[in-house]
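According to Swiss-Prot:
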type     : residues : note
SIGNAL   : 1-28     : signal peptide
TRANSMEM : 189-202  : transmembrane segment
TRANSMEM : 209-218  : transmembrane segment
TRANSMEM : 287-296  : transmembrane segment
TRANSMEM : 304-316  : transmembrane segment
MOTIF    : 458-468  : motif 'Conserved undecapeptide'
SITE     : C459     : site 'Important for cholesterol binding'
Amino acid sequence: MIRFKKTKLIASIAMALCLFSQPVISFSKDITDKNQSIDSGISSLSYNRNEVLASNGDKIESFVPKEGKKTGNKFIVVERQKRSLTTSPVDISIIDSVNDRTYPGALQLADKAFVENRPTILMVKRKPININIDLPGLKGENSIKVDDPTYGKVSGAIDELVSKWNEKYSSTHTLPARTQYSESMVYSKSQISSALNVNAKVLENSLGVDFNAVANNEKKVMILAYKQIFYTVSADLPKNPSDLFDDSVTFNDLKQKGVSNEAPPLMVSNVAYGRTIYVKLETTSSSKDVQAAFKALIKNTDIKNSQQYKDIYENSSFTAVVLGGDAQEHNKVVTKDFDEIRKVIKDNATFSTKNPAYPISYTSVFLKDNSVAAVHNKTDYIETTSTEYSKGKINLDHSGAYVAQFEVAWDEVSYDKEGNEVLTHKTWDGNYQDKTAHYSTVIPLEANARNIRIKARECTGLAWEWWRDVISEYDVPLTNNINVSIWGTTLYPGSSITYN
């Protein structure tokens, strides 16, 4: 009887255990199925990462290659050439409006909004993530776990790591200088966005870049971008996409949030913190040497007194905008003295509690394979160069002991509506008239004079060579003063052409 009771008790316990374990096994299987659905769903997404993040800017089919215009004593030839620019940046500039969409560990969609630097955030329940900071000295203290990786909580965790470094290690460790520099002339919004990897609206709003004036050749603008990185914060990459999502999330949930072949999911893998300085060099000069003058000014502190570029610098202004660091001190500086800009760049170059870092750029990866999400920019733009010509004159002087004749001719250039060169031939009304010494005159030339031809001949009195050339020059350059002199005798004539 006792043996029977024991057997019955064991059977009851076994049955209870089976009933208890069944929900656990079922629940565990449900979680596994959800994780597998996310991993297999993201893995099965079909897309070309180069195409899904392609940015096709301006497409230029036709343009006027050349035009000329007279302004006062000047003739300005505007020459346009079609250029193409292709870039594939992996570090994307951060602007204030997207801070809460570009923090370490943030989930995004690789869609058109991402290409335009206004990423779409993928809002779902998340698993904890680890973020790491590369400040020197922290060693094993450089990482922190964020249980619910929202923008606010990740920002708080980063502040905690930075505060720890400031309190314990800033006095014994210095930050290595990591500076990125880029520059470009401005031709269009798409071109400058691709060249500097920054949203053109940022430059338009913060620096006041007048793209219409640039397009109309009323102004020439160069933009400099200085990025000084104080530290970088990275999020651990997942072994599987499902490692990022709460166990309650399914692949269907992700699809409802916008995940598709056209918009695969991304994660912000790292964010660089520091400060960015944008500098605008702007001039109303139409000289073809503007770019060379600006580059010389950037490299050489003494070049501003150079006579070579004096006219350009006198008609230039400079603007600097600082993002990050102690930006209250140098939020925006507008000046005609480039030394003031140098001071802005030099000041506050060291990270401290009084000179904090600012998120300046980020890199994202595709969840499917952790490959870097590079935006592929391709745009056409028109590169415009201006050549300025001034009026000139020909000074004829005849002091020779003989009868002389002159021939002066030139072409005046203009351009039709299609940009084709149109030449109008001009001649001096004193051509081939006998002139005896001493004779002098001035022949004015318009600023659009080209193909200048100057000829002078003397009467020898010889039956077999009645006229002999003293000067015969083609393609004489247009200058302020073209001095043409002839002298001597019929047997020994002399001549010269000088310019000033």
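Placement of Cβ uses the backbone N, Cα and C atoms for every residue, glycine included.
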Close approaches to the transmembrane segment (189-202) from elsewhere in its chain (Cβ under 8 angstroms; 6 or more beyond its ends): 55, 57-58, 83, 85-87, 89, 91-93, 95, 116-117, 182, 209, 211, 223, 225, 278, 377-379, 381
Structural state of C459 (site 'Important for cholesterol binding'), classified by DSSP into three states: strand
Cβ neighbour count (within 10 Å, all chains shown) around C459 (site 'Important for cholesterol binding'): 15
